[in-house]
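What TrEMBL records for this protein:
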BINDING   A173, G174, A175, G176, S177, G178, K179, T180  ATP binding site
DOMAIN    152-436  domain 'UvrD-like helicase ATP-binding'
DOMAIN    437-705  domain 'UvrD-like helicase C-terminal'
Amino acid sequence: MKHAFLDNKPILLQPETYNRIPFWRMAARQDQVRCPACASPLRLIAGISFEPYFAHPEGVACPATEQEDSLPPEWQQAQEEAAAAVALVLEDKPTAEDAEETEMIGSFRLPKKRSIGSNAAVPPPAPKPPIFRKRLTPKKSIQHLAEQKRNEVLHPGQQLAVHTTDGPLLILAGAGSGKTRVMTARTAHLIQDLGVEPKKIMVVTFTTKAAEEIRQRIARQLLPSQARELVAGTFHSIFYRMLLHHQPAQWDQQRLLKKEWQKWRLLRETGALLGHDDLLSLKENEALDAFGVVSRWKNEYILPHDAAYREPVSDTERQAQQLYPLYEQAKKKHNWFDFDDMLIGCYEMLRDDPSLLGRYQERITHVMIDEFQDINRIQYETVKLLASPQNNLCVIGDDDQSIYGFRGSDPQYILGFTKDFPNAQTITLEVNYRSHSSIVSLGYSLIGHNRERWEKECRSFHREEGDTYLFEAEDEEEQASRIVDEIMHRREQGAVLGECAILYRTNESARPILERLSEAGIPFHYTQEEDSFYQRQTVRWTLAYLRLALNPDDTDSLKEILPTLYISHEMWNALRSQAILEDLPILHVLPQMTQLKPYQRKHLQAVKDILASCRECSPAQALELIFEDGKLREYLKKRAKNREDGKDRWSDELQQILAAAKRHVTVTDFLQYIEQMAVREKEWRTQRPLPDEAVHVLSIHRAKGLEYDHVFLPDLVEGALPHEYTLDELRKGGSAALEEERRLLYVAITRARHSLCIGIPRERFGRKTRVSRFVAEMGR
Ligand SMILES: Nc1ncnc2c1ncn2[C@@H]1O[C@H](COP(=O)(O)OP(=O)(O)OP(=O)(O)O)[C@@H](O)[C@H]1O
């Protein structure tokens, strides 16, 4: 239904009022939106592809619901009243006086119509209302395949790739063109038709999962024993098996440094940094960034003495130059190794032992490498050793999907393969079998803007257009609600949850989405890549302030915020004793402490008063008071300057928590909500077995090689995609990172089979956004 009552006034859903949806949604959550016929609370369902509507909660039978087409007279009247009210409100622009109006909250004066407040009913003076939804039409349309073939038949290009088995072969394949299918069919052809023993075939895949998939397909087509004998896996797994076989003592898994922080700890604990004052004063984050550079160099086979002669392009590189030799020595001395050492170790083992290399070259007669665009130098050099002299080396890749530049991979290897192997044959696979045609067109319209690429003639196997939507939301919270409503709507229409994926560029985008999925009771798969949002220090402090506002006796919360009040542990003990003696809440004893300096006393008195006023505020207003008047923002700013990573994360975190708070009316509600979320988050992190039928929430990097019927891409705004650091590089004149971001979006788009929804929040982290430049590049 399109109409409802809010505070006994009729409201109507029609395009002119769509910009009220966030507010009406919030009112609906608080049961303020009611059915004009039966007066029961209504939910607001506002997704992407369909017109929004109000619905009765499950189990509520209202006879009027089914009669929308032939409205009873009282409904007719309600509808007319609603339309009139809408027209009135639309003309009713806020006056300058209204904008100035303020209200007293405790002893604090706040603007009455501050957008953070509960008074959000006043239409924001936004210059242009958000686009509720529009179809995104690709800039360039690609051709369909003239004649549709049956699903199981290999396309002529694919057939050729399967049957070309001698000598070097480059298969340049666009997204969704059947690379996995070709690799499986080619392996089966080698074994079944050409009689090659499975153990002589090496298939390198990008993930263990992909290797397993190929093994399973081979097991289905041939025999399970043959599948087991295949040398299949990722570079790391294959090379590590070789190292363990020949040098077991050196490569004991117990000695593997898995995480970057372990590397830093090794250096500090072994005293390797002694005498290097510069490095000793490094902050942990700086050290971890420097290790990132070291890892990239190792993947490019740049050893410490070579690295020392490089002209550093940044402070991080300079720190990496200093750190690298010390790290290598410490590792060697204490018998540790890292993932990059596995690659270098295997390469050097083969290079330095011609007889061992000869045995491998005899044993492995055919090498196949998937995702060749993401290969790095050390992997490539090792593969060249193994494949020679026969060079039955088949590499498959798509230069447009190279997204691991930060790990040392370089699309130049795929672009330069035919130079390294002048007798190589090249086959291009240009038909996309995965996605409906408009999705393929959007992808190609976008990627065509990259300069460093192999031009391809792409076509689509499917004639169907597919659904491609762009939608604008007020902020990231509203964006998440729209996506989740859309998923629920599609499930009602028969979509399978496991075929829906939400792909994000950075972890920050996941939080509101996971919360909305949890609230809606929709199962999901999420691989946690970072610590929980609500466990981060900034967020914990903020929540502790709110808890303390509700309960001045909450000593745990007070203890938590002590550093932000510049109170030492000794002072804390004195405080506690005084509070016990005077039988007062500790918070009230705070400003009376004799040890305090006058300015400290003044500040603590202010904090105490602010917290008292917070009880009367909405959570968003309370947070504003704590951040500004309570000086939490000032403290965090100073702290970041003095000791933290220097990145602006704390500020984004404050904005995120503010965005989450806006959805609640009272501080109590908000804190209860967060408690619930913390419990649910624990459940979703530990849930085993994972539900079969669940929405996938994952980063674009992780989605590589996967496919889903319905793909949602939130946060297509400048700073998110393309990422902020890319824009920094662009400002300095480099465009390589921007090209990689474009490839990343291309990968994301081409995961979708039938539908693609792109979200643009008008505000993110409390700041106005700009639509990603990529949107205009791909469509209109
Ligand atoms: N000849 C074909 N006929 C019909 N469908 C095909 C054909 N070849 C591949 N497909 C289907 O197209 C989809 C994409 O195939 P596949 O995953 O092998 O592509 P890919 O090239 O590895 O994709 P990407 O690089 O984008 O991850 C799969 O669903 C696959 O079953």
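Note: Cβ is positioned from N, Cα and C throughout, glycine not excepted.
Cβ contacts within 10 Å of G178 (ATP binding site), excluding its own Cβ and spanning all protein chains shown: 22. Surrounding the centroid of the Cβ atoms of A173, G174, A175, G176, S177, G178, K179, T180, where the record places ATP, the chain contributes additional residues within 8 Å, namely D398, L429, N432, Y433, R434. Averaged over the domain 'UvrD-like helicase C-terminal' (437-705), the predicted model has a pLDDT of 85.
Sequence-distant neighbours of K179 (ATP binding site) (same chain, six or more apart, CB under 8 Å from its CB) are I171, A173, D370, I396, D398, L429, listed in sequence order. Most other Cβ atoms within 10 A: among the binding-site residues S177, T180, that distinction falls to S177. Packing around G176 (ATP binding site) is summarised by its Cβ count: 25 other Cβ atoms lie within 10 angstroms of its Cβ, all protein chains included. Applying an 8 A CB threshold to same-chain residues 6+ apart, the list for A175 (ATP binding site) reads D398, D400, Q401, N432, R434, S435, G443, Y746, V747, T750. Neighbours of A173 (ATP binding site), defined as other CB atoms within 10 A of its CB across all chains, total 26.
All protein chains included, G174 (ATP binding site) registers 26 other Cβ atoms within 10 Å of its own Cβ.
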